[in-house]
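According to Swiss-Prot, the protein carries these features:
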type     : residues : note
COMPBIAS : 302-318  : compositional bias 'Pro residues'
COMPBIAS : 390-406  : compositional bias 'Basic and acidic residues'
COMPBIAS : 432-446  : compositional bias 'Gly residues'
COMPBIAS : 466-475  : compositional bias 'Acidic residues'
CROSSLNK : Lys219   : ubiquitin cross-link
DOMAIN   : 369-391  : domain 'WH2'
REGION   : 1-167    : region 'WHD1'
REGION   : 1-54     : region 'Required for WASH complex assembly'
REGION   : 296-475  : region 'Disordered'
REGION   : 357-475  : region 'VCA'
Amino acid sequence: MTAVKTQHSLAGQVYAVPLIQPDLRREEAIQQVADALQYLQNISGDIFSRISQRVELSRRQLQAIGERVSLAQAKIEKIKGSKKAIKVFSSAKYPAPEHLQEYNSVFTGALDPGLQRRPRYRIQSKHRPLDERALQEKLKYFPVCVSTKSEPEDEAEEGLGGLPSNISSISSLLLFNTTENLYKKYVFLDPLAGAVTKTHTMLGTEEEKLFDAPLSISKREQLEQPAPENYFYVPGLGQVPEIDVPSYLPDLPGVADDLMYSADLGPGIAPSAPGAIPELPAFHTEVAEPFQPEREDGALLAPPPPPPPPPPPPPPAPTAVVSAPQPPMSPDVVTVTGKVAREEDSGSGEAHSASVQGAPKEVVDPSSGRATLLESIRQAGGIGKAKLRSVKERKLEKKKQKEQEQVRATSQGGDLMSDLFNKLVMRRKGISGKGPGTGTSEGPGGAFSRMSDSIPPLPPPQQPAGDEDEDDWES
């Protein structure tokens, strides 16, 4: 007798107990019953042994957890009476292994004992002859439900099918304004070509037409989008009672005395800021204003006058003119010319000393660098108070100088008054920085040197009237 292999009904099922087949001979039925019971006993023993091993493994794991709990409890009891603060550092990651252990089934590695080779038995008895009456008797004990109804043949449907339940009148069965029953035969009428019949197969081959657009497109209606539901867990603090207690209570059981609630307890494990970032001081911006000196009573002082021009260079030597010997000058004329020269020299010296004494320190001693130079320019009033001359004024002045030179050349007759006038003009040119050798080119003398050009020239000398003077010169 060979073992009957049975297919497993469930995926992953290891064991499969064989069933005893009907209509067996007596010896054959007894042999299969004995084999099935022995197979069931082996399976039961294997199952219970595996369950016992898994229970023992779980018991050892539980014992290890209990040892860890007892160790933690002993540490808690040790530090329970301490009054010093204890730092507890928690790991930034969850304390779990990198690779989790996969779950192993209880029946991992189990083998089906039915696949083992068993001894074969030879039975001498023969099978009984087939008896139909005996088979009919078995139907009483083994009911068999067999469907005897024949399946209906597929009939060609030509109409719309069965009548709907909501039809209230016979006119609803007929096509509009016709006598055709569409539920019996589907047709459509054409007033020109007549009635055309469509079968069920023709209806199936027709192309499906698009349905009408929804109201949101046809009527331009906008559907309101429902608000998404939030399933996040947001715990609430609830009502917290207000407790008025002192800030420090000494000698409390289980409370440390050296508690420190600050950010200087040490570097944290997690990469986070130790505390709030301190606020930086605010800087006030000031607008630069020109320097304005003030008096003690708070009134503003006028800016100092611009520095005067440098002292005049020594006048050039007059050109020698060959002429006839002239009579000696009278003492009155000599004294007049001496007084005029001394007054001009003294006036220019006093003006220079006053200008040096009245000038600001930044101009007199420009040793403080660029800031001092800018400050002195601001105090002097800048380019707006320099009184610069335009090109037209220069051209007009040059014309006047040429005319004066022509008049001087014509009036130069060798007398004493014309010579004195020429010397005074040369003196004025020397003061203004325009010597006879400078020519028409004008160097960068500065705006203040041009201010002296605005001094009006002396009037031309007048010829002395009277015959007495002529008589004196002739004598």
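Placement of Cβ uses the backbone N, Cα and C atoms for every residue, glycine included.
Small disclaimer: the values here were computed from a predicted structure and weren't measured.
On the 0 to 100 pLDDT scale, the model's mean across the region 'VCA' (357-475) is 65. Shown for the compositional bias 'Basic and acidic residues' (390-406): DSSP residue counts in helix, strand and coil, namely 16 helix, 0 strand, 1 coil. Other Cβ atoms within 10 Å of the Cβ of the residue listed as 'ubiquitin cross-link' number 8 in total over all chains.
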